[in-house]
There are 2 protein chains.
Amino acid sequence: MNEFELIRRHFTQATPNAVLGVGDDAAIVRPSPGHDLHVSVDMLVAGRHFFPDVDPEALGHKTLAVNLSDMAAMGATPRWAVLALALPQLDGAWVEAFARGFFGLAAQHGVSVIGGDTTRGPLTLSVTIFGETPQGQALRRDAAQAGDDIWVSGELGLAAAALQQRLGRLDLALPPECRRQLEWPQPRVALGRALLGIAHAALDISDGFAADLHHILDRSACGAEVWLDALPTHPALHGARAQLLSCIAAGGDDYELCFTASPARADAVLAAARQAGVAVTKVGRIVAEPGLRLLNGQGAAVTLERLGYDHFA
Amino acid sequence: MNEFELIRRHFTQATPNAVLGVGDDAAIVRPSPGHDLHVSVDMLVAGRHFFPDVDPEALGHKTLAVNLSDMAAMGATPRWAVLALALPQLDGAWVEAFARGFFGLAAQHGVSVIGGDTTRGPLTLSVTIFGETPQGQALRRDAAQAGDDIWVSGELGLAAAALQQRLGRLDLALPPECRRQLEWPQPRVALGRALLGIAHAALDISDGFAADLHHILDRSACGAEVWLDALPTHPALHGARAQLLSCIAAGGDDYELCFTASPARADAVLAAARQAGVAVTKVGRIVAEPGLRLLNGQGAAVTLERLGYDHFA
């Protein structure tokens, strides 16, 4: 099978919401009038973002999930994606399983995969995703206001705990949800959309809660107090909270949303979360004074050794 | 310097035609009303698409140029791009030179670089580019009609000859334009735009003239006759035409346009080329019968050993 046949067989699927799909020099889409177009790109490299022996179907899912999570963080409705991948060799079964994971999640979210590029090289995946919001309504990182509540969706630290265990750095019985969160993250697209007009600032937690919250504080020129005991995690991990604090507060790979909203909108936040079928937890508040203060149960400031993932550290 | 500082310093530049540029979960742009949005992605891998020791400024230029060439092939006006790159290490001088080449060409074409992702890994570059045409006017591969003239822009085979020489497979004095074409290709954006409403089908020649022309024939369900002696190349290479035939007709990396147009529009084609400042040459014609017939000066059919580049061959 040559390159063109491989691409055609696995990566060319129906593109109902495109004018022109795969097969020309460019795909053609028609953005919705009165909407802003959101664009985000992520690159995943074997041995850095995933284990080379990972289940290819899970990898296909996660490759798109991390991009959908960026759309969720803006409150955008994802519509189109393109996929570029470098593969060390042509392995039909691997490519088929990867495509199953990738296109399966795309179909769940009504996303058309409108283009791609395949080449030989060290296993590397790059997805660019496109979504839409009504003009001017996006959830941006620079919109937090002093007095806002800080919320997070779902549970934190599960994926990081699974990764630490896989690396032999954590000796603890973990619930199966940890590995599932690491390999099959569920992007919070419905929650992001439901928060339009309710939340102020938002982002998705990919490098760790504390590091990512810093991005909101930097862009919004404000500070925050966070109650570490309030950070939500899996019930089975409560007994090991102290041991897992760095996973929960700074672990990365959560793909949950962190957002701020006026305390007056707390009921609307909870209603949006119910509508989206996702739990949300209030974990702190935005303050005018710059800096992030992490507080323990006694209200004392806590310093974390590392705040998040630096790809070149 | 950590990852975030590196990215900020070199890859965050003004984005005048974006609502929101680098620094959030997604960039936000506002597509032009009444226009179609064109999207294309290309991935370049060290050791496959370029020599690892290539001048980083030239690499930055070429990384964007091959994407601009896809927009040119659609007749689209390029507007935005995102860049994902994996780097083996943080080398400030390398990154600065790469960014100079990339952003320099972007500025020439009024393209805003609205987002990106940087990670550690084997040197890999992935660009997604966005352009616009008035709705329904794009130059597509499926629009060739029997009786059309086949045209190519510029000169063919220069980059392929330079590559063969660099690989030690060609012992021939080459004009400096060959290496320049390989390292600093000039995408034919102005020509593509000028051909809107004049040309029928179009694409850019990246994998070799014959292989790429096959894509037009496949998508348009037609065939072609091509006069090999008419294929344009550099005057200094005329004496070695026979030796260089595979470079000229099937070499790849030309980034010239190949397009078809009604013979009745030949004067309009020539006027568009003059307006764009690019030479164009008529090299054959579209016929109803499927298949590509390459004819020599005596009108006899010629078979080429290989038609184009297969990344997994």
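Heads up, the Cβ atoms here are built off N, Cα and C, so glycines get one too.
TrEMBL labels come from automatic prediction, so no person has curated them.
Sequence-distant contacts of A:ASP70 (Mg(2+) 4 binding site), defined as residues of its own chain at least six apart whose C-beta falls under 8 angstroms from its C-beta, comprise A:SER40, A:ASP42, A:ILE129, A:ASP204. Here TrEMBL flags A:ASP25, A:SER40, A:ASP70 as Mg(2+) 4 binding site.
As annotated by TrEMBL, Mg(2+) 3 binding site applies to A:ASP25, A:ASP70, A:ASP204. The secondary structure of A:ASP70 (Mg(2+) 4 binding site), as reduced to three states from DSSP, is helical.
TrEMBL lists A:ASP42, A:ASP70 with the feature Mg(2+) 2 binding site.
Taking a C-beta cut-off of under 8 Å and a sequence gap of six or more, A:ASP117 (Mg(2+) 1 binding site) has these contacts in its own chain: A:ALA84, A:LEU85. Annotation source TrEMBL lists Mg(2+) 1 binding site at A:ASP42, A:ASP117.
The substrate binding site annotation in TrEMBL covers A:HIS49, A:ASP253, A:TYR309. For the recorded site, A:HIS49 (substrate binding site), the DSSP three-state label reads coil.
When other Cβ atoms within 10 Å of the Cβ of A:SER206 (ATP binding site) are tallied across all protein chains shown, the result is 21. Under the heading ATP binding site, TrEMBL lists A:GLY116, A:ASP117, A:ARG141, A:SER206.
Under the heading Mg(2+) 5 binding site, TrEMBL lists A:ASP207. In this view, A:ASP207 (Mg(2+) 5 binding site) is surrounded by 22 other Cβ atoms within 10 Å of its Cβ, with every protein chain counted.
Within the domain 'PurM-like N-terminal' (A:23-132), the DSSP-based counts of helix, strand and coil residues read 36 helix, 46 strand, 28 coil. Among the features that TrEMBL reports, domain 'PurM-like N-terminal' is placed at A:23-132.
Residues annotated as domain 'PurM-like C-terminal' in TrEMBL: A:145-293. When pLDDT values are averaged over the domain 'PurM-like C-terminal' (A:145-293), the model yields 96.
Checking the binding-site residues A:SER206, A:ASP207, A:ASP253 against chain B with a Cβ-Cβ cut-off under 8 Å leaves no residue at all. Checking the binding-site residues (A:GLY116, A:SER206, A:ASP207) against A:ASP253 (substrate binding site) with a 10 Å Cα-Cα cut-off leaves A:SER206, A:ASP207.
Secondary structure of the domain 'PurM-like C-terminal' (A:145-293) per DSSP, as helix, strand and coil residue counts: 64 helix, 32 strand, 53 coil.
If you measure from the Cα atom of A:ARG141 (ATP binding site) to that of A:ASP207 (Mg(2+) 5 binding site), you get 15 Å.
Around A:ASP204 (Mg(2+) 3 binding site), taking its Cβ as the centre, 26 other Cβ atoms fall within 10 Å, counting all chains.
Of all the binding-site residues in the record (A:ASP25, A:HIS49, A:GLY116), the one with the smallest CA separation from A:ASP207 (Mg(2+) 5 binding site) is A:HIS49. Taking all protein chains in view, 23 other C-beta atoms sit within 10 angstroms of the C-beta of A:ASP253 (substrate binding site).
A:HIS49 (substrate binding site) and A:GLY116 (ATP binding site) have their C-alpha atoms 20 Å apart, to the nearest angstrom.
A:SER206 (ATP binding site) sits 33 Å from A:ASP25 (Mg(2+) 4 binding site), taking the Cα positions as reference.
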